[in-house]
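Before any comments, here is the structure.
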Amino acid sequence: MRECISIHVGQAGVQIGNACWELYCLEHGIQPDGQMPSDKTIGGGDDSFNTFFSETGAGKHVPRAVFVDLEPTVIDEVRTGTYRQLFHPEQLITGKEDAANNYARGHYTIGKEIIDLVLDRIRKLADQCTGLQGFLVFHSFGGGTGSGFTSLLMERLSVDYGKKSKLEFSIYPAPQVSTAVVEPYNSILTTHTTLEHSDCAFMVDNEAIYDICRRNLDIERPTYTNLNRLISQIVSSITASLRFDGALNVDLTEFQTNLVPYPRIHFPLATYAPVISAEKAYHEQLTVAEITNACFEPANQMVKCDPRHGKYMACCLLYRGDVVPKDVNAAIATIKTKRTIQFVDWCPTGFKVGINYQPPTVVPGGDLAKVQRAVCMLSNTTAVAEAWARLDHKFDLMYAKRAFVHWYVGEGMEEGEFSEAREDMAALEKDYEEVGADSADGEDEGEEY
């Protein structure tokens, strides 16, 4: 069996975790107490969901997941919520004082008190797996726990499970809707520390999700629940191939093989369609061609950047539901003719396609309409560098005045780490620039890789 362990870190990670596991349970017919009624199982006979759930002797299905936060309030909601019986109490790990939006607290002072306990729990989960293929780590860039503790955890996972894949789902700080002043510091410190430990990181920009909720679902003031439910649909689409019998991206390494041309260039852009409210869906056909086309609209992306200004290095289309290859080929052919899609010149214009016949599930009473088919596009494009440039700029504005730096130094960090992290980010921006440059100019630059 090819199991995946999900690790949800900090408030953002935990709340997205709630939305994701709620959706997984609905998709696999698992009740909030972990039981799977026998009438549900006979039909499929597909046990691929065991990659995400382990079954106990009593027939209860337990998520292969760990929830970690340095303060208890958010995880206490899981402990008392609808799905409290789903998780093993040991899978919900809380500290006593939070990281106070401070990377240094999450990574050094508070984080190191709890890291061994967390690794011990992860080890227990890993021991239940017959063929662990890797970890999915959910966290935000901006929070103290999400940034600091995640980077500490990733370093330790690399030591303990060197060969296993580590995929991240990272919440990128929204330009308009900021929850902390020091988000740029935390983001850049965590990106620098995790860059060499993460194999593939899907970024989700809160603001992009806000806009999608406002525009496509007519929610005037989206709440985090609205955002998380939308994010969970995307996560579910990306992981559907791991949880149902599929043909493409059946394991985590395949994602990397398909999307990551160089180790550092591992930030694919995710786009999901159709995001549509029930009232509208009733009057629309949403054909394969339409939803495929929607994926190339910057408005449907999870990160605000414009791929029309960048070049594509790789592109995966993951369909689910009532989709036949003939329609997909036609849709892609149309897009190739009329879209201004530029691939880098060293990469053939290949679209990799996966089809999963399990139709998308929606949370009852949620915002999304139940549709027959959906698509998630994962593309590695040089346009993502725009997102880094925005963050780096904000970092520079604050760091030029050394604003707030004393809070980090006071927790045992050295100021040199800031400039080191910033230099690494500058190098990352440069890497993106070079990858997009035409290969004819870059003959002498091959030594770096």
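Quick reminder: no glycine exception, Cβ is built from N, Cα and C everywhere.
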In Swiss-Prot, Glu71, Ser140, Gly144, Thr145, Thr179, Asn206, Asn228 are given as binding GTP, so which of Gln11, Gln301, Gln342 is in that site too? Gln11
Labelled motif 'MREC motif' by Swiss-Prot, one stretch among 1-4, 353-356, 377-380. Can you tell me which? 1-4
Correct range for region 'Disordered' (source Swiss-Prot, candidates 30-50, 429-449): 429-449
Among the binding-site residues listed here, Gln11, Ser140, Thr179, whose Cβ has the fewest other Cβ atoms inside 10 Å? Thr179
Can you tell which of Gly144, Asn206, Asn228, Tyr432 has the most other C-beta atoms within 10 Å, given these are the recorded positions? Gly144
Number of Cβ atoms other than its own within 10 Å, given for Glu71 (GTP binding site): 19
Fill in the CA-CA distance, Thr179 (GTP binding site) to Tyr432 (phosphotyrosine), as an integer in Å. 28
Ser140 (GTP binding site), DSSP three-state class -> strand
